[in-house]
Amino acid sequence: MSSVVVVGTQWGDEGKGKITDFLSENAEVIARYQGGNNAGHTIKFDGVTYKLHLIPSGIFYKEKTCVIGNGMVVDPKALVTELAYLHERNVSTDNLRISNRAHVILPYHLKLDEVEEERKGANKIGTTKKGIGPAYMDKAARIGIRVADLLDREVFEEKLARNLEEKNRLLEKMYEAEGFKIEDILDEYYEYGQQVKKYVVDTSVVLNDALDEGRRVLFEGAQGVMLDIDQGTYPFVTSSNPVAGGVTIGSGVGPTKIQHVVGVSKAYTTRVGDGPFPTELHDEIGDQIREVGREYGTTTGRPRRVGWFDSVVVRHARRVSGITDLSLNSIDVLTGIETLKICVAYKLNGEITEEFPASLNELAKCEPVYEEMPGWTEDITGVKNLSELPENARHYLERISQLTGIPLSIFSVGPDRSQTNVVRSVYRP
């Protein structure tokens, strides 16, 4: 048995899709366990760039099983669209399995997400408006519709009718927005269910059987630890648990079966949406990193906020996710910057702290305490191992590993999977 979890150590967009794709080569099963199509993965495979939002990155390997776990919320329309996108590019999806326990995103979730964000105005969270939060709200309120319900027309119609009474009242009375008729949703979404029916199984059985048979299973997290609803910068977070602990809940695999946790990080920090960001850059260096690193959201196209590497954030991620291996991406983006900075602690009310505060008011007052390191000018995009890196680049990586307390296992010097280098295997016993 060999199981590896891939999590983002920052606010998402760390390059998890690329690393998951890279690690998928040696995995036999690849599973997602939380989130929905609010996550964006850009993957290069055989010279072609693909953008996925819902389906696991391992779909390009025909012999590997790809799982959409029970902890996810699935937009059936988006799923059918993504399947068609892959089929048009001659990518087989026969290796996909979808949990019958996953919850379903319906049009009223999308509408509620949109109108609630508009209502908040200046206090908005920065949601992707994909209906993720409202779907998880229904799940917690025990009125959600699951994939198993979607496949049974009678059950689907009954639950949909009951939910529409409440949702329409909410939309019309509170938001002064138009509600939905049952016929607007029922036939269309039941048909989506029929189109994906062949993929639907109890994925907990699939995953546990694979592990019991000694197969390599890779769990793919979406977003990042700092967007975790419990451990992140609440309320500027997602509605699920991207931390490694989310695997056991969102996949139906027990905690004793998780072996290694890979924390994926950029060599700097980015963030999409609102909320405090202690190391954020508002200068030419920030603009340079954004443009060189093409820091624009895969899902939204929004420019990402950019800042220096924050070891306080990544240490927090290591602790709450039990990270055993560090994968450091986008090192090449920093080439040409004369002096690099790493945040080693925060200054709060005149005192130094190395812990990440729970209070956003406190976080907003935190000033980063920086350690400066000399940069490098050499082209590193063709580097294949640590010894080939310029001395300053190697020292930068070593310092990040020291400050975060996570051994470096993978480093990446460009967007292509061939620019990903292994220092030590994450599939070790």
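Cβ coordinates are placed from backbone N, Cα and C, and glycine is handled just like the others.
Just one of T203, T238, T324 is listed by Swiss-Prot for the same IMP site as D13, E14, G15, K16, N38, A39, G40, H41, T128, R142, Q223, R302, and that one is T238. In this structure the alpha carbons, written CA, of P303 (substrate binding site) and I331 (GTP binding site) are 19 Å apart.
Within 10 Å (C-alpha to C-alpha) of R304 (substrate binding site) lie the following recorded positions from D13, N38, G40, H41, T128, V413: D13.
Looking at the residues that bind IMP per the record, D13, E14, G15, K16, N38, A39, G40, H41, T128, R142, Q223, T238, R302, the two CA atoms farthest apart are separated by 34 Å.
Here the binding-site residues are N38, T300, and the one ringed by the most other CB atoms within 10 angstroms is N38.
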